[in-house]
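K.L.:
Just lifted these from TrEMBL, have a look:
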- 12-30: transmembrane segment (TRANSMEM)
- 17-458: domain 'Major facilitator superfamily (MFS) profile' (DOMAIN)
- 61-81: transmembrane segment (TRANSMEM)
- 88-108: transmembrane segment (TRANSMEM)
- 114-133: transmembrane segment (TRANSMEM)
- 145-169: transmembrane segment (TRANSMEM)
- 175-196: transmembrane segment (TRANSMEM)
- 276-295: transmembrane segment (TRANSMEM)
- 307-327: transmembrane segment (TRANSMEM)
- 334-356: transmembrane segment (TRANSMEM)
- 368-393: transmembrane segment (TRANSMEM)
- 405-424: transmembrane segment (TRANSMEM)
- 436-454: transmembrane segment (TRANSMEM)
């Protein structure tokens, strides 16, 4: 019998891994909302000497520098520790950062706490998606990552409602408790990750074949054992790709100069830029600073701003969940392009509403229009630009380079995140309505970029994508039917069948040879 993990196998085990990976994203989502709501608290402002808009931006964005360093560190530690242990380490570091933040009485101390928490979050976010992708089946991979993203927005929503509730608490409890609450999620990780399996692909790469067979059997379910033909077929397909990639060992310089496995640098860039698109869409303008924007850009009261931000987080969560029904049905390319177009339209309408207000329009009615399109933006972003960039780097990168590629993508995510969060408060103060036009142009640019350069990864196994890049496709993929079609290409189905037939033939040849030897010895 296959080994059981956390009381389950098959789909049940995949769900447990998804829950653990999703808890990592709850961490991330929670922090996106909590600090932007903390910095508008009167007691917080008094405690830290009423910092300027620029200083508040630095205190908020410095977290992303920690995330960048943490994500980059997994290039070296991710494969050594394995997926579950890396997440346990990252979650422990987040808890330490939460304690430092909750106990802060000065700007420097708060920044240290933000950086430390960021280190752990960077490690976790660079690991969770890879772990999820490498332990899930082809047809459920996208949906499971969308569940992760929905949990990210659940964390964001929790932070908005919790800070709203604690805004009525006395003095510093109003902001210290929400910051300390991050520790709760660390305990959730402690309750899950020690009892879940590592990636079978990583185990094969490390030469731990017996463990890999056990994990593959457990993930297969339906009574599968390490000796089952279906388990051996999966093992052989993964190992076949790895063996071909391992013909040579490549240095980072060789990879960066294009001398590594076919398309590996291009694939890393595609994954990293997809994550960049997620961040430079302007989402963190709203997720980090929604309450601040309502107060300072639209002139809404603090309490109503908190209520609207909390309501917006629910709108965001609902549409992030609805993405579950489109991500596999319509594929990564189409979902990304439609979502980006809708996001661009929202920024255009917000720019118009705020621009007319600045030139003497009815601020009350135009404020309603602006708030409405902030809500529509959350919905549009949640349906596509939210989930696809988190899923894509885990799918597009070469099997041997998947950890490094995901780490690079997440590092790109965090450095872009830092830049956006850093410029937002000065941008709102200095540019007015023109600030929002920037995001409209950027979001619109995502449409031709995705159409021209990004191959479809829906309805492909991770090994199919390796096979695609072995054909050395051109940079532009929009005319390549294999690259853009939604259905799994027939040549990949036939390739799997050939590997399975070769395995069966090898078994038959081995049995015949063994029988011949036994007969000869008997004679």
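Cβ from N, Cα, C; glycine included.
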K.L.:
On the 0 to 100 scale, where does the mean pLDDT of the domain 'Major facilitator superfamily (MFS) profile' (17-458) fall?
P.N.:
84
K.L.:
Hey, which bits of the same chain come close to the transmembrane segment (61-81), Cβ under 8 Å, at least six residues off its ends?
P.N.:
31, 35, 89-90, 93, 97, 111, 114-127, 130, 202, 205-206, 403-404, 406-408, 410-411, 413-415, 417-418, 421-422
K.L.:
Apart from its near flanks, which chain residues at least 6 from the ends of the transmembrane segment (334-356) lie with a Cβ under 8 angstroms of it?
P.N.:
277, 281-282, 297-298, 323, 326-327, 366-367, 369-370, 373-374, 376-377, 380-381, 383-386, 388-389, 432-434, 436-437, 439-441, 443-444, 446-447, 450-451, 454
